[in-house]
Structures are given as C-alpha cells and as structure tokens.
Amino acid sequence: MLIQLICQAPQRAQELEQIAARWQLQASDDSPFALVLSEERLELRKLDEPKLGAIYVDWVEGAVAHRRKFGGGKGQSIAKAAGLNKGVTPVVLDATAGLGRDAFVLASLGCRVQMVERHPVVAALLEDGLQRAKQDDEIGAWVSERISLLHASSHDALQQLASDPNFTSPDVVYLDPMYPHPENKKKTALVKKEMRVFQSLVGADNDADALLEPALQLAQKRVVVKRPDYAPWLGNRKPSMAMETKKNRFDVYVIAAMSGE
C-alpha cells in the first residue's frame, strides 16, 4: 500500500523501514495519509485534514485503561456474549481486530486472544500498540501472555487457520466488521474521528457477510458478531440470541455449550 512514511525520531529511522517492509507499505509523497513514527509511538494522520489529529493504539492510558478498571468486568455485554459468565475464559480469535479495543477487554478478563487485522496500516498501528503495552509495568505481563497478532485478510486467515493441523481452533470467533454510520446517529468525537479516517483509508467491509461462514466452521463454541443497533444480521442469518446495549448489538451464533454450562 502507498502511504507517506515520516520519522520524527532520527534514531528510529531503521525501525520505520522495518515496519514498512513487514507490512508491505511503500512510501509515497502523494498519499493523503501518513504513518508517523515519533519518540513515543506509531500514529496515522490524514494530512489533508490535520484537525482530525493522530490515530494510534493505546491500551495503557485513556479510555481503554478506564474501561479495564471500571468497565463492569465479566458483567459487561461483550463478556456475556463471549460466554465468560459461564465460568470459563474461552480462547478467542478476533478476526476484525481494528485498534484492538475489544480484544484488549476480553484479554483483560482472562481470555487468550489472537487478533487478525486485514489492513496493513491498521495492523502496523496495532502491533506498535501491542509492543508498547507489553513493556508496561502494570499490564505488560498478562498482555504478553494472552494477546497475539496475525496479519492476513480475515477471510484468508480463517480458511488458512482451519486447514492448519497445528492450529487449535478457538472457542469463540469474534467479528466486528465496519458498517456505514448514518449521519443522524450521535457519535463521540473520538469515534467520529476514527471512523472518518478509517472509512476513507479502509472503506466499508463490503464483503463482511462472507466472514460468517468460515467463522462458524472455525469456532468450537460460538461466533459473536458486534453490530450497530440499526444494522441487519450478518449474512441475513438469524443468531441464536442477541444482547443489546445502548448503541450496539451482539449477535451470538451458538455451536456448542460452553464448558461451564
């Protein structure tokens, strides 16, 4: 992918080259997007809309850290949807990881989570945030133990993993495909900024419906699909049950009972 590559920390120039090589990113001065490596982190900027600021992964401070400490633990909807209220801590494959917030929440509750992110720029941001979290004194130990990142298209990854004899199928496959957001729906400033940048960078997941079938084949216990409250079922397939929050819905496709049931 073509993108501007900017290094603001001269001593990290080689590191930026390695990031570009690993995620097959090519430098281009014509792109409106830039990956910027600073002293602190890797961030994405939309240069033609500087007021949007930088997008980066941060699990140590801010909203994600607050949710880990005060977010309701295993009583929150995502935990119930994944089956944590059954007395188990399932192995989860997050097949549309994005900035990793939901993966981090599940891992903070004890799950082992393997993340898949199909877009190379987002995956690079995710890897940078993961590495910084691993170095944190408070959360580094369990982040290192429970969270890993695989880079591939979600569709290909699910099929590749299903055919890999060395891969242990996850208990839960989690899907949160990007969905167009109506302008009349209220959004927080942060979500509005991220969605605006991501939808112009990545586009909507027009092939998201095709994720459900391979997810159902790969998961041992259930598939959980996060949807906006106004969105139809993924692939027009009715879930076994649904859990609703103020703005979202978790559609749960049950394959087998969780071991605690």
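Heads up, residue numbers simply count up from 1 along the chain you see.
Including glycine, each Cβ sits where the backbone N, Cα and C put it.
What Swiss-Prot records for Arg101, Asp102, Glu117, Arg118, Ser153, Ser154, Asp176 is S-adenosyl-L-methionine binding site.
Fewest Cβ neighbours within 10 Å among the binding-site residues Glu117, Asp176: that distinction goes to Asp176. Glu117 (S-adenosyl-L-methionine binding site) falls within a strand when secondary structure is assigned with DSSP. A helical conformation is recorded for Asp102 (S-adenosyl-L-methionine binding site) in the three-state DSSP classification.
Here the Cβ of Arg118 (S-adenosyl-L-methionine binding site) has 20 other Cβ atoms within 10 Å, regardless of which shown protein chain they belong to.
In sequence order, Val64, Arg67 constitute the residues six or more apart from Arg101 (S-adenosyl-L-methionine binding site) in its chain with CB-CB distances below 8 Å. Sequence-distant neighbours of Asp102 (S-adenosyl-L-methionine binding site) (same chain, 6+ residues apart, CB-CB distance under 8 A): Ile78, Asp94, Tyr174, Asp176, Lys226.
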